[in-house]
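Following: one structure in structure tokens, then a few remarks.
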Amino acid sequence: MSGESNCKIKHRSHHPSKNLNQHEAQEHPNSWSLEMLLRRLRATEANQDDKFAHILDAVGEFGTFQRRLVVLTFIPNILLAFFISADVFVFTAQKPYCNTSWILAVGPNLTEAEQMNLTLPREPNGSFQTCLMYLPVAWDLDSIIQFGLNHTESCQDGWVYPDTKKRSLVNEFDLVCGKEQNSESMQTMFAAGILTGSLIFGLMSDKLGRYPTILMSLLGLIIFGFGTAFVNTFHQYLFFRFGVSQALVGYTISSVSLATEWLVAEHRSHAIILEHCFFSVGVMFLTGLANSLPHWRLLFLVGGAPVFPLIFYIWILPESPRWLLMNGKLEEAKQMLCYVAGVNKKTIPLSLLDKLQLPRKKVTKASVLDFYNNRHLRRVTLVMGCVWFTVSYSYFTLCFKLKDFAMNIHFGQVIPGIMEVPARLCCIFLLEQIGRKWSLVASLFQGTLTCLLILILPPGEDGPRLRWPRCLAIELKSIMVLMVALGEFSLAASVTVCFIYTAELLPTVLRATGLGLVSLAWAAGAISSLMIISQRLTLLPILLCCVSAILALFFCSLLPETQDQPLPDILEHYPLQTRNMAEELLAKEVAPEGGW
């Protein structure tokens, strides 16, 4: 009994806003400010969620169980980065020449240089042509050397890559001489997988649960990620990349939802930030492997093998108790909470545990249509969709611009990976000092401004130089690379804040579905950047960057702050923040006999 009374006293201390409102009501019984009314309204609507937060406090805010859960979400993120960025290293440019081994039948002792000199036509600058060869003739070697070959045709027996030290997709499937556009097909197919996976796994996570969706995503990584090493055609490679992109987005959505619903206060944001830091570590892990392995199949075999131990997640990964409660599984939620309390060596008072109740309405009625029917939910989704589109478009534009400086692909991946770790760690300070909303506004403004400046500066053949002297051109190129790094630094922080902010704005019953919908905007931003940059347009990228940034920054300022606020679980507990709703409540409660 003493433990329960202490728990109750502790819980009353968690409602300072309510006590403050009561004190203000005694001093000013007939004077109601709109700000006070909205604050009281939010406290009332969040009453049920507060009960759950109190239980999480009782089982331990960040005990052994929560630390283990955070570590479990870290590990797959290293593999996510590997599978996302692997295309950069397995699809490198190659210098091919037509296979002219037919001449070895008449001159078996010819060196490689002599063979190429006799069978390949040359460009005006003296280099060998890559897509043409001389027609084979039934002459002896002396006649070929004396008279030479004149008639050319396209390569008949494939290509050879004499200067290539590593085996890549290009020389594996001969993606040259008219097939180069397949690289764009690969990127488009990967984005298409994100589009479909966002919808499928988002709905699946809200209907089936976080736990089974994460397991299915990990199974997809095993089949489509590790299995990529065994494809026989380039079309099979595209299909497997399509499948692995679905698994990637499925795990991301479900793991963020699981961490959001298990952790409270600053532990929630810290966990997601560290999770994204491990994603950057995965990029550096991939770069090291790609630099040391000579074959692209070995890269997928070695890099994808660590996904198999994740099968043990079947026995050690927990389900979200919030999701269990919102889906009518009250006893399972209580059992899970009691198990966590045992792991953390805590005791949940029975009086507190008995306060957990099923929602008044059947939450099974919650569906994707609520994103259209519910005004506040619709506004949040549209605003965050605009923000995600802007961040994605700006981020991928900077990545594509970085390639224009002819940097080594390994160096070009390591530098952003190193930059993103401190960028995401800086989010800890920003979120604690200025909150979610203004952290997002600040990082997004800086990132899009940098992207806009890079787009405005005129590009040249060797970088942004035009008619400037060579020394000035080299210095400006260094400045541009620094600006790209700064832009990626800011946008990496924006990505992390976006995940945290969006997950806290959405209700539990539709959190994963909402994250899936805004992920559609992310994929749309990536595809838009790819299409516009590839067409080498000058005005359209600048225009789209300006318009999307202005809209995102303006709409983002209209969203509510979620720092230190309880998570919404069902649509009925959603924060009501319009003036009309406040006026309706005022009409009902302004009378003295209708006190709180």
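Glycine is treated like the rest: Cβ placed from N, Cα and C.
Automated prediction, rather than curation, is the source of TrEMBL annotations.
As given in TrEMBL:
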REGION    1-26  region 'Disordered'
COMPBIAS  8-17  compositional bias 'Basic residues'
TRANSMEM  69-91  transmembrane segment
DOMAIN    126-563  domain 'Major facilitator superfamily (MFS) profile'
TRANSMEM  186-204  transmembrane segment
TRANSMEM  211-231  transmembrane segment
TRANSMEM  237-259  transmembrane segment
TRANSMEM  271-290  transmembrane segment
TRANSMEM  296-316  transmembrane segment
TRANSMEM  380-398  transmembrane segment
TRANSMEM  410-431  transmembrane segment
TRANSMEM  438-458  transmembrane segment
TRANSMEM  478-502  transmembrane segment
TRANSMEM  514-533  transmembrane segment
TRANSMEM  539-559  transmembrane segment
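Spatially, the transmembrane segment (237-259) is adjacent to the transmembrane segment (514-533); three or more Cβ-Cβ distances between them are under 8 Å for residues at least 6 apart in sequence. Sequence-distant contacts of the transmembrane segment (296-316) (same chain, at least 6 residues past either end, Cβ-Cβ under 8 Å): 68, 72, 75-76, 78-79, 82-83, 86, 89-90, 166-169, 172, 214-215, 218, 221-222, 225-226, 228-230, 285-286, 289-290. Outside the transmembrane segment (438-458), and at least 6 residues removed from its termini, the chain residues within Cβ reach (under 8 Å) are 387, 390-391, 394-395, 397-398, 401, 427, 430-431, 464, 466, 476, 480, 483-484, 486-488, 490-491, 493-494, 497-498, 501, 541-542, 545-546, 548-549, 552-553, 556-557. Here the transmembrane segment (478-502) has Cβ contacts under 8 Å with residues 256, 268-269, 272-273, 276, 280, 384, 387-388, 391, 394-395, 398-399, 401-402, 405, 407, 415-416, 419-420, 422-424, 426-427, 430-431, 436-437, 439-440, 443-444, 446-447, 450-451, 453-454, 457, 463-464, 514-515, 518, 559, 562 of the same chain, all six or more residues outside its ends.
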